[in-house]
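First the structure, in the form of C-alpha cells, and then the observations on it.
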Amino acid sequence: MYNKKKSVNIPSRVLQLANILWLSCAVYCFHLEEERHVRANDKDYNEKIPYADNHIKTCKYNVFTFLPINLFEQFQRAANAYFLVLLMLQQWCRDWFIPCGLSEPYGLCYIETAELDGETNLKVRQALTVTSDLGADITKLADFNGEVICEPPNNKLDKFTGTLYWRDNKYPLDNEKMLLRGCVLRNTDWCFGMVVFAGLQTKLMQNCGRTKFKRTSIDKLMNTLVLWIFGFLVCMGVILAIGNTIWEQKVGRSFGVYLLWDEPIRNNNVVFSGFLTFWSYIIILNTMVPISLYVSVEVIRLGHSYFINWDRKMYYIQKNTPAEARTTTLNEELGQVEFIFSDKTGTLTQNIMVFNKCSINGKSYGDVYDEFDFSFNPLSDRKFKFHDSSLVEAIKMEEPSVQEFFRLLALCHTVMPEEKNEGELVYQAQSPDEGALVTAARNFGFVFRSRTPETVTLYEMGTAVNYQLLAILDFNNVRKRMSVIVRNPAGHIKLYCKGADTIIFDRLDPSNHVLMNTTSEHLYEFAGEGLRTLALAYKDLDENVLEEWMKKLLYASTVIENREEGLADLYEEIETGLMLLGATAVEDKLQEGVPETIACLTLASIKIWVLTGDKLETAMNIGYSCNMLRDDMNEVFIISGHSALEVQQQLRLGLRAHALEPELEKVFLETACLCKTVICCRVTPMQKAQVVELVKTNKMAVTLAIGDGANDVSMIKTAHIGVGISGQEGMQAVLASDYSFAQFRYLQRLLLVHGRWSYFRMCNFLFYFFYKNFAFTLVHFWFGFFCGFSAQTVYDQWFITLFNIVYTSLPVLAMGLFDQDVNEANSHRYPSLYRPGQLNLLFNKRQFFLCTLQGMGTSFLLFFIPYGAFCLVVRDDGSHISDQQAFAVIISTSLVIVVSVQIGLDTYYWTAVNHVFVWGSLAVYFAILFAMHSDGLFSMFPSHFPFIGTARNCLTQKSVWLVIMLTTVACVMPGLAVRFLKTDLYPTLTDKVKGT
C-alpha cells in the first residue's frame, strides 16, 4: 500500500455518503457559534442547525460589487480622481473529519498540504481506532451515529479541538484527525469522512483574508504631487479667468458686432464669462498629468519585473529555480532598502542537517576524524557520514547509556517511514532536524522501521523490537520539547523527551547536577561551532502513576474549552524528574556566498538584522561566520535579561550617554539602530513581525524581510518588501513574498543591480515626463495673454491628442526600461552607489520643483521666441509668414525637437531600441504632420483636416528652420550648462565611477 503513488480515487458510494452529510450543512450560520454539533447519518438533526453550505467564493468582485469596490480602490490614487473630474468637465471545499475508516492497515492516510502551507513533504493523518475498525463496510458506516462536538469555525490551520460521542464513550479529536480543504490525498485508495466545516467556514477560506496592498514611496509622493499640480492648475485657471473678465470688460465689447455674445454676457455679466473660461482652461491645461503617465509607469514596472525573471545570474541551476518577481509594484523600492531582516536557518544556512557531534553521559563524540564505515549495519544509510569510530565501538560494546541515547532518537519523533523495497527506507520528516536525528539512530543500529497508531517498531542491532505507544506529548513553540511514553516488550514504561537544553535542564532530577554541567560545557562548544543542539532525557514511570495520569489525560483531551491549557499542565506534571542522557549537535552549513553578500550590502549602508529562534551561542557563531560580527568590533554587548527591568538596565548600559524614552521598545530601537549589527535570538514568528513593525513604524526607512519557512511569513508580510527563499521548508514563504529566489546571495544582485537601476530609471522617467508635459502644456498659458483669454489652444487638436500617445511616449519608455548610469559590474564594485536611493535623492519634492521650473522656462521660450521672431519676419516672396495655423506648426515642431534632444541628453546608456524610438518618433511626427495637412486627407475628411498645405508652406522657409534651431538651443543650453558645471565642480560618486 505504501508503494502506491497516486491521488485518491473516491468511489461513487463514498461521494453519495459525503453528499448526504454535506446537504446537512446547507445554510450560513448567522449567530455567534460557541461550539459545533454534527451527527453522522442524521440529516433531520443536522438540518435544524443553520450551518454553511459548501459554496465558496474566491473572486474579488461580482456583478454588483465590481463597480463600487473597484472605484474605491482606484480612487486611492489621487490622479484617478483628478482624471475623473476632468472627464466630467469635458463631457459636462470542504473540511473532513475522519472518524470512519481508511484503506491503510491502521487507519492512516498521507496528505500533501502544499496549497495550505506550501510544504510538499507528505504528512500523515490517522483515524480513531474505534472508527477505523468500521473499514469499508457500507452497512456499518450507514449505521454509524456518532456526534461530534467541536470548536466553531476559525482560521487556525494547526489546531482543532473536538470530541466524538459514540456508544456512550468520548474520544478526543485533534488536528491529526482532520483533512482540511485544499490538501491532497496521496498513497490512499479510499477514505470515508464526515463533514464538519463546509464552504466559507472551512479553514482554508477562513484564512483567505484581504491582502494588504503595498505601495512604494514614489507612489505616495505621486499622490502628493498630483494634488500640488491640481492646485497649480486651479491657480492658473483663476489667473486666466480674471484676465478674461477684465479683457471682456475693457476690450471685448468692441467685438460684439462681429462675435455675438451669449445671452448672459449680453446682459453685461462678464463674471460669468470668466467663470466659463476658468473651466475651459482647466480642461485645456489638464495635460500636465496625462493618463499616459500612469500607463507608462505600469509598463516600466512590468518590464523591470521581467528583467528579474529573466536574469540568468539569479537562476539556481541545481534546483532549476529562477528568480521570480511576484509583484510589479515594488521594483523601484528595491533601490531604497535601509533595513534587511533575515531568518537564519534555511536563509543564511542551507537547512540540510547533518548529524555532526553528540554528548552522551558526559562524553563528547565527533571531535576525532577516523575513517570507518557502517558495514556492520545492513539497514544503514550509505549517504550518512560520521568520523568518530569510538561511538560505533560503544554501540558494539552495548553501553547502556549509548543504546538508550539512540533508542530515544528512534522513538521520539513524528517521522513516517516508506520502505519501497526490502531495506530501502525513506523517511518523510516534517523538519530536516528530525530526519537527521532519526537517520543517525538508524546508522548506529537503532532503525526506525514502521509505526501504527499504537505501536512503533525498531530494529535494534538487527533484532525487531515492538514498543507500545501510550502517549505523544506534542512539540510546540511554547513547550519547545517533545515527549513519547512507550512500553517496551519487557513491560517497562518510559518517557523519552528531547528539546531545548534550557527547557530540559529545568526539568531534570537533582541527581543530574554534575552530568548537566558537563553536558552544558559540551553544548557551549557545539554552539560555538554554529551547530544546532538538543538535549535528551528519559524517565521511568510507574504503572499506577501512569494509569492515574492517563485518566486525567483522557478527560483533558475531551473537553472543548481550554483544552490546550489543560493538556499543557498535564504534560508539565509528568515531564519532571528527568534523567539526562546527553545532547545532539546538528550542522547546518552556510549557503554559498553569504559572507560576501552581507559584507557588500553593509558597504551599501544597509543594516542587516538576523532574527532567529536559535540559542545565543549558535546565533553569535553564525554572526561571525557570515561577517556580521567581526573581531575588530570592540563593543559587542548582549541584552539577555529575564525581566523587563533587567532588559531596560542592559539597554541603558548599551546606550550609555544617549537619551532614553520611557517605553522599553523605543529604548531597544534606539539602541539597535546605533549598532552596526543586530542579532535577535530565541524569537518567535510573531516577535519577528513585531521587530519589523517596530522599525517600519518608527523609522522613515524601507524595510525588507527575507526567509524560507512558514515561521517567516508574518515578517515577510509586515515588511515593505518580502523576499522568499525556496528552500527545504516548503513554499509558504515564497507564496507570501513579493520576490523569490533560491539562494541568499542573489539578494545582492536584486538590490544593487535590479533595485538600483529600477529606482534610477523610474526617477529619471518621472523627471523627464513632468518636464516635457509642463513644457507642452504651459504654452497655452502664455498664449492666453495674446488671445483675449478666450481658451483658444495653441496647437491643433490632433497634435494635443498624439503628443503623449505617439510623438513622445516611446523614447521616454525606452529610457525608463533600459537606461543605466553605471553597468552592473560597477554596481557591485561600488556598493556606495546605492546610497542615493536610501536618501531619496533622485526624485523628491525638490526635484519636482526643479523640473517644473525647467518646464516653465522651456514653455516660455517655446512661445515667445517664435512669437517675437515672426512679428517682423516675412516670407521669401515678401508676404507675412505666420498665421494661427503656421504658428502652431512652428511651436509644435520646436517642442518635439526640443524634448527629443533633451531625452538624448538625459539618456546615459544608448541601445538600439533607444535610437529607434527617439529618431523614429521624430520621423513619425513629420510623417503625420505632412499627412494631416495633405490634399488627400482634406479631400476625404475636409471637416477634420481643414488646414491644407500649412506644414508644406511653413516648413519650406529657411527663416522658420532658423527660428526652430534658435528655440532648440535656447531651451537646451541652460540645463546643459548647469549639468556640466555641477559635474565639474561637485561630482557625485556616479560621476566619478563613469569617469574611470
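Glycine residues also receive a Cβ, built from the backbone N, Cα and C atoms like all the rest.
Database features, via TrEMBL:
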- 38-92: domain 'P-type ATPase N-terminal' (DOMAIN)
- 225-247: transmembrane segment (TRANSMEM)
- 268-295: transmembrane segment (TRANSMEM)
- Asp343, Thr345, Asp708, Asp712: Mg(2+) binding site (BINDING)
- Asp343, Lys344, Thr345, Glu434, Phe475, Lys498, Arg532, Thr612, Gly613, Asp614, Arg682, Lys688, Asn711, Asp712: ATP binding site (BINDING)
- Asp343: active site, 4-aspartylphosphate intermediate (ACT_SITE)
- 734-988: domain 'P-type ATPase C-terminal' (DOMAIN)
- 765-786: transmembrane segment (TRANSMEM)
- 798-818: transmembrane segment (TRANSMEM)
- 847-874: transmembrane segment (TRANSMEM)
- 886-905: transmembrane segment (TRANSMEM)
- 917-938: transmembrane segment (TRANSMEM)
- 959-981: transmembrane segment (TRANSMEM)
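In this chain, the transmembrane segment (225-247) lies out of contact with the transmembrane segment (917-938); the count of Cβ pairs under 8 Å, excluding pairs fewer than 6 apart in sequence, is fewer than 3. A simple way to gauge crowding: the CB of Gly613 (ATP binding site) has 21 other CB atoms within 10 angstroms, across all the protein chains here. Listed as Cβ neighbours of the transmembrane segment (959-981) (distance under 8 Å, sequence separation of 6 or more from its ends, same chain) are residues 775, 854, 857-858, 861-862, 865-866, 869-870, 873, 875, 881, 890, 893-894, 897-898, 901-902, 905. Residues 768, 771-772, 775-776, 779, 794-796, 799, 803, 807-808, 811-812, 815, 858, 862-863, 866-867, 870, 918, 921-922, 925, 929, 933, 950-951, 953-955, 960, 963-964, 967-968, 971-972, 975-976, 979 of the same chain, all 6+ positions outside the transmembrane segment (886-905), place their C-beta atoms under 8 angstroms from a C-beta of that stretch. Looking only at the binding-site residues Asp343, Thr345, Asp708, the one with its C-alpha closest to Phe475 (ATP binding site) is Thr345. Here the domain 'P-type ATPase C-terminal' (734-988) has a mean pLDDT of 90 out of 100. Within the same chain, residues 287, 290, 292-293, 296, 299-300, 303-304, 761-762, 764-765, 768-769, 772-773, 776, 888, 892, 895-896, 899-900, 903, 906-907, 909, 911, 913-914, 917-918, 920-921, 924-925, 928, 932 sit at least 6 positions outside the transmembrane segment (798-818) and bring their C-beta atoms closer than 8 Å to a C-beta of that stretch.
The Cβ neighbour count for Asp343 (Mg(2+) binding site), using a 10 Å radius over every protein chain in view, is 30. Each of the binding-site residues Arg532, Arg682 was ranked by the number of other C-beta atoms within 10 Å, and first place falls to Arg532. The two recorded residues Asn711 (ATP binding site) and Asp343 (Mg(2+) binding site) have their Cα atoms spaced 9 Å from each other. Cα to Cα, Gly613 (ATP binding site) and Asp343 (Mg(2+) binding site) are separated by 9 Å.
In this structure, the C-alpha atom of Asp343 (Mg(2+) binding site) lies 12 angstrom from that of Arg682 (ATP binding site). With the fewest other Cβ atoms inside 10 Å of its Cβ, the least crowded of the binding-site residues Thr345, Asn711 in this structure is Asn711. Here the Cβ of Asp712 (Mg(2+) binding site) has 31 other Cβ atoms within 10 Å, regardless of which shown protein chain they belong to. The Cβ neighbour count for Asp708 (Mg(2+) binding site), using a 10 Å radius over every protein chain in view, is 32. Looking at Thr345 (Mg(2+) binding site) and Arg532 (ATP binding site), their Cα atoms lie 10 Å from each other.
For the pair Arg682 (ATP binding site) and Asp708 (Mg(2+) binding site), the Cα-Cα distance reads 17 Å. Of all residue pairs in the ATP-binding list (Asp343, Lys344, Thr345, Glu434, Phe475, Lys498, Arg532, Thr612, Gly613, Asp614, Arg682, Lys688, Asn711, Asp712), the one with the greatest Cα separation is 25 Å apart.
Reported as a whole number, the C-alpha separation between Asp712 (Mg(2+) binding site) and Arg532 (ATP binding site) equals 19 Å.
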